[in-house]
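Undergrad: Encoded as structure tokens, here's the structure I'll be asking about.
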Amino acid sequence: MSFIDLIKRKNYSNWIVIVISMSLILFSHVLTTLLVTFVLILLLIVNYTSVKDIKVWWSLLKAVMGTGLLTIGFWLPMLQQMKYIPISRPFIALLEGSAASIGDLVVNSLNSNYLLPPNVGTIVIVIVFISLMKFSNLSVDERKILIIALFLLWGCTKAFPWQIFQATFVNYIQFPWRLMMFASFFAYLLGAILLDKIDIKYVVSLFGVILISHYAFVIGLPKDKVTLLNNDRNIEKISKEYINSDYYPKAATKDPVSIENKKFVISNKETKVLNYKNTDTEVKFTVINESKKRVIVDVPILYYLGTEVKNNNKLIPVTISSRGTVQVELSNKNNNVVISSRYTKLARISQAISLGTALVIASMFFIKKQRNNRSKN
């Protein structure tokens with residue numbers, strides 16, 4: 001909404017809110033950030049007549065720069081790791097395969113049953129249908145909102161030519177149904193605008209329809225033969241069986257099971273170690289070397305820049321194994337190994353920049369808020 005307010009009402013200071021919002025999204029889910037950016041670009045295209053003001057573009061530029069500086073503590077260390085260690089990208093899904101047919105999308109949404117494949121719900125379908133029926137009575141801005149909602153809904157379906165984009169960077173979105181949340185947002189925004197124009201007696205009737213729809217949803221909930229999934233035993237089982245190799249070192253994707261099962265490899269042979277202990281910050285174990293030769297220990301811990309290994313309280317060199325894990329050479333008879341990690345120098349610098357930017361943005365936000373309060377008084 002701050003983005004719309006910036007380009008429509010020329011509220012140039014909204015770039016601060018955009019910086020905070022986009023940064024929070026980036027910190028929570030990178031792929032969602034790409035989708036949000038796409039939607040914002042779509043808004044710019046639809047409102048091209050409103051973005052001829054150079055001050056709007058200057059505010060957008062400040063928003064981009066501010067977001068980059070505020071999140072540099074996240075993306076710069078990530079790029080550093082990717083430069084030195086080949087990282088596997090998120091898996092490539094068949095875009096058209098995970099999209100719904102138009103008929104299924106409408107029917108499933110009208111049923112409003114959470115057991116069905118992803119759907120936008122009854123309310124969104126009703127809002128879109130009513131808006132199309134009254135299209136000639138909609139204002140220009142309302143039509144733009146409807147067009148965006150329809151375009152995003154189209155993108156959720158097989159009617160959209162996803163096969164054209166399958167081999168492009170667009171495949172990073174993985175599942176077209178992710179566009180449903182944005183389509184729902186614009187549909188609800190349009191619904192709120194239309195609701196504001198309706199007479200109060202019709203609003204009461206509308207709430208009655210909503211309650212009936214909700215009751216129908218409750219009726220559709222399963223009552224018999226329900227399998228409880230959210231208990232500790234099932235969660236632990238799923239966590240152990242599911243191996244997500246997104247953003248893994250590419251070398252580790254060749255044999256992820258051995259890493260997940262904590263298989264140690266000493267001199268090319270799987271073996272067990274003594275006193276193995278794993279905490280949130282470090283891994284400890286003991287290796288007894290009966291031979292007089294050095295032994296190479298392949299530890300089932302993914303190797304990243306910043307990994308540190310101590311043997312008998314002394315730092316020792318660490319390398320990456322053929323399966324993308326920590327590898328060390330041990331020469332002592334009794335080897336008490338402790339593996340931990342630290343931020344790289346570049347990561348610490350980028351974190352300091354992010355913190356400094358956060359303080360500046362927060363100060364500007366509160367100063368702006370105080371000025372607005374004074375102007376109201």
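Heads up, the Cβ atoms here are built off N, Cα and C, so glycines get one too.
Pulled these features from TrEMBL for this protein:
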- 12-45: transmembrane segment (TRANSMEM)
- 57-79: transmembrane segment (TRANSMEM)
- 116-133: transmembrane segment (TRANSMEM)
- 145-165: transmembrane segment (TRANSMEM)
- 177-195: transmembrane segment (TRANSMEM)
- 202-221: transmembrane segment (TRANSMEM)
- 349-367: transmembrane segment (TRANSMEM)
Undergrad: Let me check one thing: do the transmembrane segment (349-367) and the transmembrane segment (12-45) come into contact, meaning three or more Cβ pairs under 8 Å with sequence separation of at least 6?
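TA: In contact, yes.
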Undergrad: Are there at least 3 C-beta pairs under 8 angstroms linking the transmembrane segment (12-45) and the transmembrane segment (145-165), leaving out pairs fewer than 6 apart in sequence?
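TA: Yes; at least 3 Cβ pairs under 8 Å.
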Undergrad: Taking a Cβ cut-off under 8 Å, which residues six or more beyond the ends of the transmembrane segment (177-195) line up next to it in the same chain?
TA: 31-32, 35-36, 39, 98-100, 117-121, 123-124, 127-128, 130-131, 142, 145-146, 148-149, 152-153, 155-156, 203, 206
Undergrad: Counting only residues 6+ away from its ends, which parts of the chain sit with a Cβ under 8 Å from the transmembrane segment (57-79)?
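TA: The answer is 6, 12-16, 18-20, 22-23, 26-27, 51, 343-344, 346-347, 350-351, 353-355, 357-358, 361.
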